[in-house]
Amino acid sequence: PSNGTGPRPPTFILTGISGVPKSSSWVALPLCLLYLLMLLGNCSLLWAIRTDHSLHTPMYSFLAMLALADLGLSLCTLPTVLPVFCSEGTSLPFQACLAQMFFIHTFSAIESGVLVAMAFDRFVAICHPLRYGSVLSDSLVRRAGGLIVLRGVSVVLPVTILMERMPFCRSHVLSHSFCLHQDMLRLVCGDVRVSSLYGLTAVLLTKGMDSLAILLSYVLITRAIVGTVSQGARAKAFSTCISHLCAVLIFYIPLISLSVIHRFGKHLPPLSSTLLADAYLLVPPILNPLVYSWKTKQIRRQIHILLCHAGT
């Protein structure tokens, strides 16, 4: 660890997985394959939605937003994650680390908002199917997308401004191969109460409220499904929610676990937070396209056409 004496560190030192030496090709190669799979999966998903007119519905518009958020979240970490395992030492200037932190948390907030919009879409489709087209119009979908992006930026921007003013005079070594707010905050030598309190409030007002909204949507959806007389109708209604439920669990379980560990799990080994952070940023962008491709026949067909064109 390199200790600084100035009010702001010139660089942060990024770390990989505890116990794994740097310049480890056996770790770098799988990571490259995971990032490649993420790019291919989400780009193929976007291409399928764009080219198949039967997928030009609110549900798949929100799915396209989810794929874009996944791409943004992964591409934010790509420039630092791979070099950590491909070189002997990796450092990041303060401003670059601050920018990466801003984009990671912004895309995370956007993805959370999109998952809420998708839950509302499923609620209207199952509980009020006759009003689906009038409620979820194209203009509403566009406005919802704009508000989701605006909320993500406006919530994370104050965190970034507060962090930019913080004095750093401790070790500059971060716990991850990318910059997170909680990880940078522990290196501050000044009073962090305002920044920590706002960060916790921002998480509760975004991820916390979003998770409650999704839970409420599925309580109402479950009531509507249970009240359906036909067993076949119940199975069909439930099958339309499986993909979204998988996306919600894939996103929220690592996110909530990581937030709890950063704030209350100081006694846990560093490897636990490192693995959870990697899962939080890498697993959803990789699995979401696979889940939706597996459950949606039109997407499977379009991706098959794309692969056939690529093969010829």
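Placed from the backbone N, Cα and C atoms, the Cβ positions cover glycine too.
Annotation source TrEMBL lists transmembrane segment at 26-49 (among others).
Under the heading domain 'G-protein coupled receptors family 1 profile', TrEMBL lists 41-292.
According to TrEMBL, the feature transmembrane segment maps to 61-85 (among others).
What TrEMBL records for 97-120 (among others) is transmembrane segment.
According to TrEMBL, the transmembrane segment annotation covers 140-163 (among others).
The list of residues near the transmembrane segment (241-261) in space but at least 6 beyond its ends in sequence, with Cβ under 8 angstroms from a Cβ of it, reads 66, 108, 111-112, 115, 118-119, 122, 126, 182, 203, 207, 211, 214, 218, 221, 268, 272-273, 276-277, 279-280, 283-284, 287-288, 291-292, 295-296. Residues or ranges marked as transmembrane segment by TrEMBL: 241-261 (among others).
The annotation transmembrane segment is assigned in TrEMBL to 273-292 (among others). Sequence-remote contacts of a segment are chain residues at least 6 beyond its ends whose Cβ falls under 8 Å from one of its Cβ atoms, and for the transmembrane segment (273-292) they are 15-18, 34, 37-38, 41-42, 44-45, 63, 66-67, 70-71, 73-74, 77, 104, 111, 175-178, 180, 243, 246-247, 250-251, 254-255, 257-258, 261-262, 265, 299.
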